[in-house]
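To keep things clear, I will list the structure first and then write my remarks on it.
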Amino acid sequence: MSGAASEAPSFLIVTLGCAKNEVDSDRMRALLLEAGYREAEGVEDADVALINTCSFLASATSESIEATLELAQAVEDGVRDLPIVMCGCVPSRYGDELPGELPEVAAFVRTDEEDGIVGVVDGVLGREGGEARGASGVLRTVEGTSAYVKISDGCDRFCSFCAIPYIRGRYASRRPEEIEAEVRGLLDQGVREIVLIGQDTGIYGQDLADVPTLAALLRRLDAIAAPYGAWLRVLYLQPEGMTDELIAAFRELPSLLPYIDIPIQHCSERVLKAMNRSGDPESLKALFERLRREVPGMVLRTTAMAGFPGETVEEAAELEEFLADVGFDYVTVFAFSPEEGTRAAELPDQVPEDEKLRRTQRLVDVAESLGFAATAAHVGERVDVIVDGVDPDVEPPELIAHAWFQAPDSDGVVHIAEGEATVGERLTVDLVDSFCYELVGEPTVSPSPETEEG
Ligand code: SF4
């Protein structure tokens, strides 16, 4: 171990994959800090390394294993003699096989075991105790102006292409009191945007008799966030989760941003059925039209998948047309990947790789043309932004912020060349130019309340 005998051991966390993993890493960080560990700045001063892995796609699994092996190689090359703890989705998915395959790893921690991280780290470092301590106080430790908050884990939908239900287990809502405490703690730490996530946020509460609906939870969280002037954003809703009660919440709650992320994957009724999903072009279009009609300024984000087994050339074109027709603001595009253990991996008529890439590129072209146009359409608006940091690489340094219609890490940023502000501050800016998904803003002399969103 590094340093003097009295100095606390230090840990390094490497996070791969999605926002949900970031949340899990924050949680493990908070538990380790609370138990007296220090966070290392890099591998050089770490006593133990945690890799929080992703296994959503076969490529993500390979990347996670490569990152682990790279770290193990660095240890072998003498950078440091530190144990490696592999956490998250790869151990959840391949648990039993891993100890034999990866002898370089000292311990494996599945997603549902991560609250016991202190005990595991104590164990691999041979420290006294060997069990989790102090899980009562701080729920998360984050840096930055926005933070993801998981309201549920797991998924019951079993879309035929997706391994998540096998990795993360059945849908489980978190207790509302625990979510409220976490949100309060984050706002007290200076966070100014709370991004609520889960595999399927719209059905929040349906698995527990005494837990409110998502709309009711949002009302409770709005009452907490509003006094801080903070924003609430919800990601990963499914079409069936859009109830009247939820649409009313989007219309009425001051801190809830009029921004909806509904990953449709496809629009063709036949393809959706093969995906074990429901819907058809007419019902999906009607839903998005309703959202735009009933929630002024509603921003729409979705996810689309190219090359699902059996997808015909006509169905691929139908999806392109549908995206353009609805006019989504932001679209994330995935190429179908046959995931081990899923039904879709065994389906006949797999689309050849080169054709899948061609369809993916066509969807990306549609996504970019929609996204660039939606971004440019904001030029001329006066909007609220949250200042996320300073970019020191340009001269003079400029502020980097995001507007209410830009989800952190996903939808681009606003560059503000002039003016001073502290990180986390909410500014009102005039948007004067755009480039792809980026915007340029100039601070207004005084905020104009009637133009504020959220
Ligand atoms: S809704 Fe479908 S795609 Fe999303 S996590 Fe659940 S099974 Fe996977």
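Placed from the backbone N, Cα and C atoms, the Cβ positions cover glycine too.
Automatic prediction, not curation, is the source of TrEMBL annotations.
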Residue from Cys18, Cys155 that TrEMBL also lists as binding [4Fe-4S] cluster 1 with Cys54, Cys89: Cys18
Which listed residue (Cys54, Cys89, Cys155, Cys159) has most other Cβ within 10 Å, given these are binding-site residues: Cys89
Residue with minimal Cβ packing [other Cβ atoms within 10 Å] among the binding-site residues Cys18, Cys162: Cys18
Binding-site residues close to ligand 1 - of Cys18, Cys54, Cys155, only those whose C-beta is under 6 Å away: Cys155
Beyond the site residues Cys18, Cys54, Cys89: chain residues whose C-beta lies within 8 Å of the centroid, for [4Fe-4S] cluster 1: Leu16, Gly17, Lys20, Asn21, Thr53, Ser55, Phe56, Ala60, Ser64, Gly88
Distance, Cys54 ([4Fe-4S] cluster 1 binding site) to Cys159 ([4Fe-4S] cluster 2 binding site) (CA atoms, angstrom): 18
Between Cys162 ([4Fe-4S] cluster 2 binding site) and Cys54 ([4Fe-4S] cluster 1 binding site): CA-CA distance (Å): 13
Pairwise Cα distance for Cys89 ([4Fe-4S] cluster 1 binding site)/Cys155 ([4Fe-4S] cluster 2 binding site) [Å, integer]: 14
